[in-house]
Every structure is written in C-alpha cells, then in structure tokens.
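**Student:** Mind having a look at this structure? Questions to follow.
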Amino acid sequence: MASASRKELLGKVYKMIPPMLESFHKGQLGRVAVIGGSEDYTGAPYFSAMASAKLGCDMSHVICEPGAGAVIKTYSPNLMVHPYMRQSKNLTQSENLDTVSTEVVAMLSRLHVIVIGPGLGRDQLMQDTCARVIQEARKQGIPFVLDADGLYLAQTRPELVDGCTECILTPNVVEFGRLAKAKGVDVNEGNPEELCSKLAKAFGGVTIIQKGAKDYISNGKFTLVSDGEGGLKRSGGQGDTLTGSLATLLAYRKAYHDKIWDHEGDMEPAETLALAAFGGSAITRECSRLAFKEKGRSLQAGDLTEHVHQAFLNTVGEKESKL
C-alpha cells in the first residue's frame, strides 16, 4: 500500500464512499461531533463541523462551552450545538468534573466519530473532560481525531491514546516536535517519513498525519505521503477543515464495514483507516488550492468551507445516485 500511487489510493478511498441511496435513513451517512469551543475560540469548532457537513455527513454536532455555543449557533443553523462543556471559572456550585463529563459521554452512543480539540483551550476542566471522553470512546470503539489543544492531551497524558488503532493525530511541525519529545523520539534523526513512522510506533500504532508542505501519514507499519498541490496562504484554521473531513470519511468507513450497501468488502479496517487519513489530507489540500486560486493572499479559513464539496469531486469523485 505504501508504494501505491496517489490515483490508486484515491481509487480505494472512492470504494469506501457510500453511494446516495433512497433506502438510507437520516444518520446512516455519518453522525459526527466536534468537542471544543471555549470562551476565546469559537471559529475552529465551526470550521471543523461545517467541513464534516459539507463532505456529506448527515448530522454534524458541536459540543462546547455555553459562551461559545451561543456564538456558534449564530454562525449556522445547520449545526447542532450542545453547550455541555465547562471552563473551570464558569462552574456552578452543583457542577464538577463528574457531572460535566457524564453529560458529554452520554452523547457518545449516538455518534460514529468524534473530533477533539478545535477551540478547546488548555483549561484544566476542559482538558480533564476530554480525557474522560477519550477513555469512554476507546471502550465503545468510537474512532476519534485529535488536533490543536486535543494534541496537548496526547503530549501530557500519552497513555490516553497509547495503542489505539482507531485514533488519528494531526500535528503540525511544532506539535509533532512536542509529541516526539514526550515519547523520546529525536526529530533530528531520520527523514520526515521515518520520523512519522517512528512516532506512530512509539504511540503503539496510532495514525499520525504530520501536516506540512507534504503531509506524512503513518501508523508505524506503513507510511503514505500526500503531496497534492495546496494553497500558498497559511492562515489559521485550515487544519479544522482537515479534522472535519477526516471525521466524515471515518463515518463513511464505518458505513463501509457495516455493509449498509452492496460492495466487495475487500478492505480491512487498518487499510480503510489509512485511506480515510489519506483522503482527508487530499481533499483538504485541494480545498486549499481552490480557495487560494479564488482569494489569493486574502484567503481565510472560512473560504475553505465553501470548496469542500468541489474538492471532494476533484479528488475522489461522486458515485452515481440510485433511486
């Protein structure tokens, strides 16, 4: 698989995408939640959840702090926003880590995939709540994506993700360095592909997408390089389109393995997870290219949102609808 061409890999991603069938009911093509959104950061969870929605997931949720929730609801009526998270300073007398995390964890049984980190911040209660969510997601076999301040959990409490093969970490170069340091991996030894593989192995087989001029993707056993052309503007928030895209592709992966439509079923879960990672990277890079072509140096993270569907069509391609 590591030696497969970009075209071959995207062809396999295509096989994993559900067709649009009249027989499907609401929710079968993805129920995704982004957990993040704090007093200071409201854009990131919105960009991630909207990317999920635009890539075709049926139900896109944001689980956030109440102050963030009120704001995010004004961005779009298409997202379901749940103000269940709490920052330490906003706890009422009747609330604590147990009451807050219980409410968030209760949502997991309704979800296929979760993204943890966009707009999360470093508040201790927010971090501790997400630690509980990760533990429960692992018990329930729910795949999850960690980005931004969600990666801080992997850095400071690596045991939360150690050995989890249903987990994708999406660090940039700086975040990758912090994770490597936490695991005793020397970033000066080896090329980027080898380092990505080494860090994935150190975490016991998690999948890592190291974002950069090229995206390096590895679970420690095989490594892929996603080098499709992207845009040249490095505005903040573009990584949120990646996490949302990954979430929807992971939901499609579940639909593939649940065989909700007739297909060959010849791909194993380890392969389809890597394909979801590669597909998410390819779509986001194309999204960035399209947005940059239109906006140039004025490009902002929100500009990517409107190009998610076209980027999907350009990279993976649509399946014929059947009534």
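Keep in mind that glycine also has a Cβ here, set from the backbone N, Cα and C atoms.
Heads up, TrEMBL stuff is auto-annotated, nobody curated it.
Sharing the feature lines straight out of TrEMBL:
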- 9-315: domain 'YjeF C-terminal' (DOMAIN)
- Gly119, Asn172, Val173, Val174, Glu175, Phe176, Gly177, Arg178, Asp240: (6S)-NADPHX binding site (BINDING)
- 211-215, 230-239: ATP binding site (BINDING)
**Student:** Which whole number of Å gives the largest C-alpha distance between any two of Gly119, Asn172, Val173, Val174, Glu175, Phe176, Gly177, Arg178, Asp240, the residues noted as binding (6S)-NADPHX?
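**Tutor:** So the maximum pairwise Cα distance among the (6S)-NADPHX binders is 21 Å.
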**Student:** I need the CA-to-CA distance for Gly237 (ATP binding site) versus Gly119 ((6S)-NADPHX binding site), whole Å please.
**Tutor:** 10
**Student:** Across the whole of the domain 'YjeF C-terminal' (9-315), what does the mean pLDDT come to? Round it, please.
**Tutor:** 97
**Student:** Tell me which residues of the chain lie with their Cβ under 8 angstroms from that of Lys233 (ATP binding site), as long as they are six or more apart in sequence?
**Tutor:** Ser288, Phe292, Lys295, Gly296, Arg297, Leu299
**Student:** How many Å lie between the Cα of Val173 ((6S)-NADPHX binding site) and the Cα of Lys211 (ATP binding site)?
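**Tutor:** Between the Cα atoms of Val173 ((6S)-NADPHX binding site) and Lys211 (ATP binding site), the distance comes to 7 Å.
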**Student:** Sequence gap of 6 or more, Cβ distance under 8 Å: name the residues on the same chain that satisfy this around Glu175 ((6S)-NADPHX binding site), in order along the sequence.
**Tutor:** Leu151, Gln155
**Student:** Return the member of Lys211, Ala213, Asp215, Ser235, Gly239 nearest to Gly119 ((6S)-NADPHX binding site) in space, with distance defined Cα to Cα and candidates limited to these binding-site residues.
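**Tutor:** Result for Gly119 ((6S)-NADPHX binding site): the nearest of the binding-site residues is Gly239.
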**Student:** Compute the C-alpha separation of Ser235 (ATP binding site) from Gly177 ((6S)-NADPHX binding site), stating it in Å without decimals.
**Tutor:** 21
**Student:** Among the binding-site residues Ala213, Gly239, whose Cβ has the fewest other Cβ atoms within 10 Å?
**Tutor:** Ala213
